[in-house]
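Copied from TrEMBL, the annotated features are:
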{"type": "DOMAIN", "residues": "84-270", "note": "domain 'FtsK'"}
{"type": "BINDING", "residues": "101, 102, 103, 104, 105, 106, 107, 108", "note": "ATP binding site"}
{"type": "COILED", "residues": "426-453", "note": "coiled coil"}
């Protein structure tokens, strides 16, 4: 063999596997030897290094161990030291990681690998992950990991805005915890307090995608804050982007580790890792990155799981996620609370939190859009006004109220759309003026009696349905009785709900003047489109309310709720 080669070739190695081969001697003898490759050949299997090849981990064992928050990145090729070594990043010490690269170079795979390595080493007690999947849904297979609290997609504006608010509160809470104990890091807090606060890792794929989204400004502000303050309080960012020039220095300058996958523009690579000849000779191989450590090194980023092709990797990834999901039987991090797109009766009444309010004798009105907890009518703060221009919503509220524990008395105009016969004896329905006046007289008498006996428990809910169509037909005496019920009824456990449209603003009868002054109101229209209920700090750019969304106003302060009324 040697004699047939050029005289300039002094050494021939027959490659057997990764780091061993046969040295071909001049006399034709094959000698087993170790060798080192300066560069990974294009057809060499080190292009597809999986996590399990770099480090075997038993999740059940690893989850019980105390250790710093770190994850495997891949394998580094270091020609000057004649070696290759596995590379890890310690998030607890080094902070955040930002990876740049052209489309198809392996950015999403990097996040998959980081998430899987963290998931197999740290239990949900020690780690909470949020996935911001702004690319091509590449993080979707990770959503079932027990450490993943929630996944956000680019078009989930409300969810992302809520996440920003949740994280702002969490950052403030953690900073206060550290300040209370006089320590500077989360690890020191754990030692001083003997309390466990999980690390939070936010994995964001394709940062540039948020450009011109409604939440861009608030999310950018949060990311900058985390990049500055997160390291000490255990909140970390793993982010990918196309080019550094697409990001503001205010953000990327706070990332200690910035890596570059192949780029179309060599100057982009140099801007990220510094001046290096490797920027010119960088091979266009998926997952091949440059990373500045002591020197700029070539890194082959690891795959999250083994697989000879992308389809096999994806299938194996799903299986591994399912395995980790099954292995963890403890508590999992809470998802970002979101009300369902359509709130059905089965969903609302089936919630344990709603059932609990009924058991306490309370009247739930809907779900808080922020916390997704039931919002109840606070009887201690008075009667309730429901302002809507849709009779279908008026009817829906009545049918909702009668599901409570209290006896319900409905006083309605003669030609309303109500049909309450199927609700039985617990509902008294009057729609003839004479019957309404008789009922008001009886209610006045009952309230007097209960006041004398000191009985205050909420036992009756009186609903004035579309009151503006009733009030003009009542005698002055009956109106006086209604006024008394509004003023004194609550003290005797007789609470009132006035249902009306905006025509109430033109009425001057005493009972309606009282109703317009109720401190609690449910409003199915924009706050700026009504003048009846006083509200502090009305929204400046108020959008139209989505279906089922209402304002609940209590003492001039408002929140948004989702109710059954459509």
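If you go along the chain as it appears here, the first residue is 1 and each next one adds 1.
From the backbone N, Cα and C atoms, a Cβ is placed for every residue, glycine too.
Since we're looking at a predicted model, the values are computed, not measured.
Feature annotations (TrEMBL) mapped to structure.
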residue : record           : Cβ contacts under 8 Å, 6 or more apart
101     : ATP binding site : 107, 240, 242, 260, 261, 262, 263, 289
102     : ATP binding site : 242, 261, 262, 263, 264
103     : ATP binding site : 242
104     : ATP binding site : 286
105     : ATP binding site : 261, 262, 284, 286, 287
106     : ATP binding site : 261, 286, 287, 288, 289, 301
108     : ATP binding site : 135, 136, 138, 139, 205, 240
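Using a 10 Å Cβ-Cβ cutoff, residue 107 (ATP binding site) registers 26 neighbours.
The average pLDDT the prediction assigns to the domain 'FtsK' (84-270) is 94. According to DSSP, residue 108 (ATP binding site) is assigned to a helical segment. Taking the centroid of the Cβ atoms of 101, 102, 103, 104, 105, 106, 107, 108 as the ATP site, the other same-chain residues with Cβ within 8 Å of it are 240, 261, 286.
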